[in-house]
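Trainee: Pulled these features from TrEMBL for this protein:
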| type | residues | note |
| --- | --- | --- |
| ACT_SITE | 961 | active site, glycyl thioester intermediate |
| DOMAIN | 695-993 | domain 'HECT' |
| REPEAT | 26-77 | repeat 'RCC1' |
| REPEAT | 78-132 | repeat 'RCC1' |
| REPEAT | 133-184 | repeat 'RCC1' |
| REPEAT | 185-236 | repeat 'RCC1' |
| REPEAT | 237-288 | repeat 'RCC1' |
| REPEAT | 289-343 | repeat 'RCC1' |
């Protein structure tokens, strides 16, 4: 074409009757029919020679496509320009409604903000692809070609929700059907399906994008829409075709329609690198530089060598070298074909052109770029460059927008394994595997950190704003769609967003944080479990320094923590996020509990009001409804928790005192409002033990202590002295109940103690009474004691609070990279001191003969820790724990013939003591309608166990209003356990579901 003898044509778009040419300078030339103004030139009539579209002289165009009577282009700023037929809204111009044609190009309002990079035009509809992988459509909606779930037309671009989260990298249109290619190489189609052109195995129309399942096991790298047929090119350089076959345009050797993708067989050894299709013909360009075609050739669209008007199988149109020219790319229009050439460069091999030369952007070659998929920008390598020139920063800005506002691209960009769609062409299918199959988030955490750091180092306010705005759009989009699509599409983006240094900062960071936390607050139970596990796997510096501190900084920036008695949504969402981090920290300890405290919340909220809201509200344990800060106690400082305990204890004491006074006034002369202990200083432990073992003692009454032979009224001072003296004696190492670890200054249960179980039980009762009566006890127990009280299994790191040197040694054993058996010479037998005599203990049967090796060292460590923190002090701790938690049993009333010595009653309490915490809470809920007990103990609940008949298969029932458990007299403990657990696990409301 002589008109372009001095122009470099990098892209061509051809429809039935007009063609658009794009030059390397961003100019558009058009030729052909101008019946609807689709040429966009100043000429009113048809044009036989390419004419420049002068109205776009001030724009740089990067892509263009042609419909039957309209043309749409994309500018380098990401805006859309359109002209031509407008009857069905295919121009996307709101102001062109009720207008048949628009002869001069117009920029679509608002399109620049979406940053479009590609367009595709059907007969009367248009698809537009953003740099972030989202697809918009507008125009005629007949047959469902717009993908919005209906057949209505749209006059402005509307997002196709059905493709959200897939990361689309290429779009294509037939006359009335549409196609999309995802970054994972999957094909989606929708619209008219009469001839099988959708590839779903039927002739049905589809109103929403539907994955072509026949291609699910292939990596597709290019899609092409013909008139009523479709082509696809896979990463093995094979062409597949389906759809209408009346003119042989599928190339499958038949004139029949084909409803599923089928491989087109070219001569052996010919590998395809690009394909194109017209209305009734198809052409492909091979790696060897040859061009093959098939279909209708009546108008000469298959070249002069076509022997038949209809070619049902591929035949050679052009050889590798045509008069010294080498083909660069090909374009098929309605009934015509273009071949774009470049000077012939003979390589050292027989191949005339390599795939890398045609499909690579490293060397800046843009020829045919608009016919292939969009590549995900390789942001890390872009940021490695130097300088702050405008062009580089512009490219980085666009890359940041494209990646950080795309739910799929952001994950692709930071995966451990390089993706096919990055600039280097990795054709491995393994990169498409979901990491969730392996329980790993699969993200390159180090790369994410480096990218964020390099972006900050640019110190460019505009770039930072683009990053913030992109993340805000990303998480607003996730929040909109997360309930309707699988979590695998979006959940990993939460981790990348949370790692952003903006989290917790003021300004744009505040808005970014709000959007991220809002998504966290809406996670389902299963999604929450997955994200919690993934969070636990992060290195400590990111987990604490970035995640936890980022959320706490955000909370510290809040102006108010309550609003009209409720917790504002932004605060609640941040707390839910922090809760996931807290749960992750329990799985893999990274931080001390104190690092989760929020000073601002602990010191500013009304703790009495929070306690009252917590004690009266109903909510779920997973924080789907946050009504009180007491639901997230890990954020409250010890001082705040102490105040809450005091508030609750005082309320309970007041209730108990009032009840006692009423009983006394009603004639019960023995009703007394206080728990009075009379003790002798020289028999302190003995006197206390005797009085606290009284059958019906009420621990919930305010405590008063009287020292025999001493005058004075206990106003609190005597009680404090009592506890101090008692604890001093009980924890005196000479008394033999506890040992003292000099290294940690903590007490521990003496495994060799000769004291009775009742004495250890007394210690537990004393600690409980001390907490309840707001007495600070000078008792130093390691954290693991309280974990054991809560039935939390001790782990190796818990040993550090007791014997840090031993804990360190065991960790070194686990980390040692050499031969463990040869270096350490350990067996599964340990020694301990028993009153000056060294004794041995086998951690497993025959442990003295089992060496510790690299293979079994984890088992050795686990058994050693279990022995030290559980087995060796089993009897002592059980008694201690019994005293600490026995209040419920102490206040239980038995009716209907039951006593505390009845067999089924004994079995009941044995089962309760062995229950894990969650089952105990479920039992409490079953019998009382509430799964919480006062801090001072469960004794404030008048609990009744009533006989409900003899041996039966019926389940236990309850009157929750009166705290009555109706328990049949089962004939075995096993049956009681089965019936009881079935009842409490299925109870809802007042009955069983």
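Keep in mind that glycine also has a Cβ here, set from the backbone N, Cα and C atoms.
TrEMBL: automatically predicted annotations, no manual curation.
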Trainee: Count the residues of the repeat 'RCC1' (26-77) that DSSP assigns to helix (H, G, I), to strand (E, B) and to coil, and report the three numbers in that order.
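Mentor: Here the numbers are 3 helix, 23 strand, 26 coil.
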Trainee: Which numbers of helix, strand and coil residues does DSSP report for the repeat 'RCC1' (133-184)?
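Mentor: Secondary-structure breakdown of the repeat 'RCC1' (133-184): 6 helix, 23 strand, 23 coil.
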Trainee: Helix, strand, coil: count each for the residues of the repeat 'RCC1' (78-132), based on DSSP.
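Mentor: Counts, helix then strand then coil: 7 helix, 25 strand, 23 coil.
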Trainee: Work out, from DSSP, the number of helix, strand and coil residues along the repeat 'RCC1' (185-236).
Mentor: 3 helix, 23 strand, 26 coil
